[in-house]
Structures are given as structure tokens and as C-alpha cells.
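Colleague: So TrEMBL lists the following for this protein:
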ACT_SITE  255  active site, proton acceptor
BINDING   25, 165, 255  glyoxylate binding site
BINDING   78-80, 107, 128, 130, 156, 231, 253, 258, 286-290, 309-310  FMN binding site
DOMAIN    1-360  domain 'FMN hydroxy acid dehydrogenase'
């Protein structure tokens, strides 16, 4: 097999290996997929201002997230139904994250349960939560995650309804019959029905609460002591409201460009959110991170760390746990090299002055 030298190379290989319905589900975005392209492209509109003749013989890329020391500011985002990619699914991802010394976020819609993921061994894990109409389900799920040693809740707030993903509609997407949404198996809502639409869109319409509001963020704090990260914030206004509602952190996210198309790339929203947070709570980013340079750019704009989604799915499809480990290792090595070549020896030394964005200059930088 040809040697893989960067994260993006896994996507084409995954496309060859996966059933079309599965690849399309993982790869596609909403509607015209403008934001999908933009999430990646926007990183190329930020350039470096490297500082030279700094002793970079020792580089420390470790950081702390929610009080947990991790090996690098690169974590795993929640992505649904990983056993469609590989038989070991989320269990392989959990082991890879643990081996890399970083955090994994488990999706509510995982094909492995919180207990199964816990049983893979030690590791710092967050649980991504969708709020169902039946709140007793939510309470049970949160309590199970807590008991299984999960350390934070990532509350997804951008999905009162599922975005229009046309590939899923064309493919009549549904979960393969051999798999279930393991966290809901005992509650009889672990299966997606076959529909003449996207089976997931129908499931969301039936189960997920469209009335979710800020008061529910406060309610969540009454049922758990775990810190709550609000995932899906893109504006200063919502950043201030999240802080008021008691959020412990924010994840700037557009759901991998799968919800509302024509929202800006997350890297383009990041600075607005960081400024509004005023250092009161940490701000993280997901969406479009494919290189160590992307990680550095996010940190320079004030992020405390980034989460990666699709690269995990594609590498999992190609090479299971080893694939996910390799993605994390490549991003680790690229990020460390970017720091050295920019003149930064620790994550705390990365500043806004290390980059120039095309919105910084009255005359936009030539689009290369």
C-alpha cells in the first residue's frame, strides 16, 4: 500500500472501501455544501508571521482542557455510527485517543454504548448529548455517562431539526440492520426506520426536542455535576448567553457544515466568539482541521484546542485503530513542527501576532 503522509489522503482511500451510503453520510454537508468547502478553504486565508532565531530545541505541545492534562490541543469530535466504518467502531477510536493521550468525545448516536467505551480502559472522555423530547431518556443517559467515567457533556445546540443532506435523501440513508444506536437500545429507540427520505432526518424529527432553549442548559446543570460545553455557537451574542447560562466552555462548530449551509467557516467565526468570551470560559473549534498548521492558526485566534471529526472516520475505515492513531500522530508531528518554525516552544507562546488573516488588511491578500 502507498504510504500515507497526511490526514487528507485517508478520504479517497475510505471512499474506495466504504459502501456509497456510508461514505456519503460521513462525507457530505448540507444542501449546496458551500460551508463544507469553506470550512477547509478558510484556513488558507490565514498566513504565518514566523519569528526566527528562537531556541526551539525543546518544544512542549501539551495543554490542559477542563483541568485535564493532555498530550496536545487536538481532540476527537463526536461522530455518529462509527461501526459503519469499521467493526470495532468507537472502541477502536477510544483506544487510539487513549494511546495518544488525548480526549475522545462519544456521540449520543454511537454504535457502542458509554459502558462499552468505558470498558476499553482508561482515558479522558466527553459525552456528546442530543436532548430528546422524553427528558427521562436524557437524565438516564447523562447519569450513565457520568457513571462510566465521562468527564464532560458536549451539548449539541445546532440541531433542533436535521439539516438537509441531499446525498442521504438520495441514498435513503438508514443504519445497517446489524447495527443499533447502542445508547438507546434498551429504550427501543435504537433503530432508524426505513423511509423514503433520510432515515436519520425522520428519527430526529420524531425524537429530538425542537423546543430546546437556554433554560434547558440550566436544567442540565441540575441533573449533573459534569461541566457542560455548548457545541454549535458561532456568534458573540450566543457566547454571552452561554456564559450567562452557566456553560463551562464553548465549541465553535457548524456541525461539520451539515446543518445550515452558508454559515461562515468555523475558523472565520472563532475570533468573534473568543472576544465575546473575554477569557471567562475556554473556546474550542471543530470543522475543517486537516493539518497541524490549522491547529496553530486556531490557537493563534484564541482557541484552547480543536476537535477533529471526519479524519477519524476515514482513517478508521481504512485501518481501524491504527489508522486513527496515525491521524493523531501526523497532526501531533505537524503541529509541533509548525510551532518550531514559527518560534514557539509552548502552546502558551502562540499569539495573534504569529498570523495574519485576510480580514486584517484593508486590501485582501491575493487569493493564491
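Just so you know, glycine gets a Cβ as well, placed from its N, Cα and C.
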Colleague: Report the nearest neighbour of residue 25 (glyoxylate binding site) in space among the recorded positions 255, 258, 288, comparing Cα positions.
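Modeller: Minimum Cα distance from residue 25 (glyoxylate binding site) across 255, 258, 288 lands on 258.
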Colleague: How big is the Cα-to-Cα gap, in Å, between residue 288 (FMN binding site) and residue 255 (active site, proton acceptor)?
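Modeller: Rounded to a whole number, the Cα-Cα distance is 11 Å.
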Colleague: So around the glyoxylate site, 25, 165, 255 aside, which residues have their CB within 8 A of the centroid of those CB atoms?
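Modeller: The surrounding set, listed in chain order, is 28, 29, 30, 162, 163, 168, 200, 256, 258.
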Colleague: Let's check the environment of residue 165 (glyoxylate binding site): how many other CB atoms sit within 10 Å of its CB?
Modeller: 24
Colleague: Could you tell me the C-alpha distance between residue 309 (FMN binding site) and residue 165 (glyoxylate binding site) in angstrom, no decimals?
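Modeller: For residue 309 (FMN binding site) versus residue 165 (glyoxylate binding site), the Cα atoms are 17 Å apart.
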Colleague: Let me make sure I understand the structure: which of the binding-site residues listed (288, 309) has the fewest other Cβ atoms within 10 A of its Cβ?
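Modeller: So among 288, 309, the binding-site residues given, the one with the fewest Cβ atoms within 10 Å is 309.
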Colleague: Around residue 78 (FMN binding site), how many other C-beta atoms are within 10 angstroms of its C-beta?
Modeller: 26
Colleague: In Å, how long is the longest CA to CA span across 25, 165, 255, which the record gives as the glyoxylate binders?
Modeller: 13
Colleague: Which one is it, among the recorded positions 78, 107, 156, 255, 258, that lies nearest to residue 165 (glyoxylate binding site) by Cα separation?
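Modeller: That would be 258, nearest by Cα distance.
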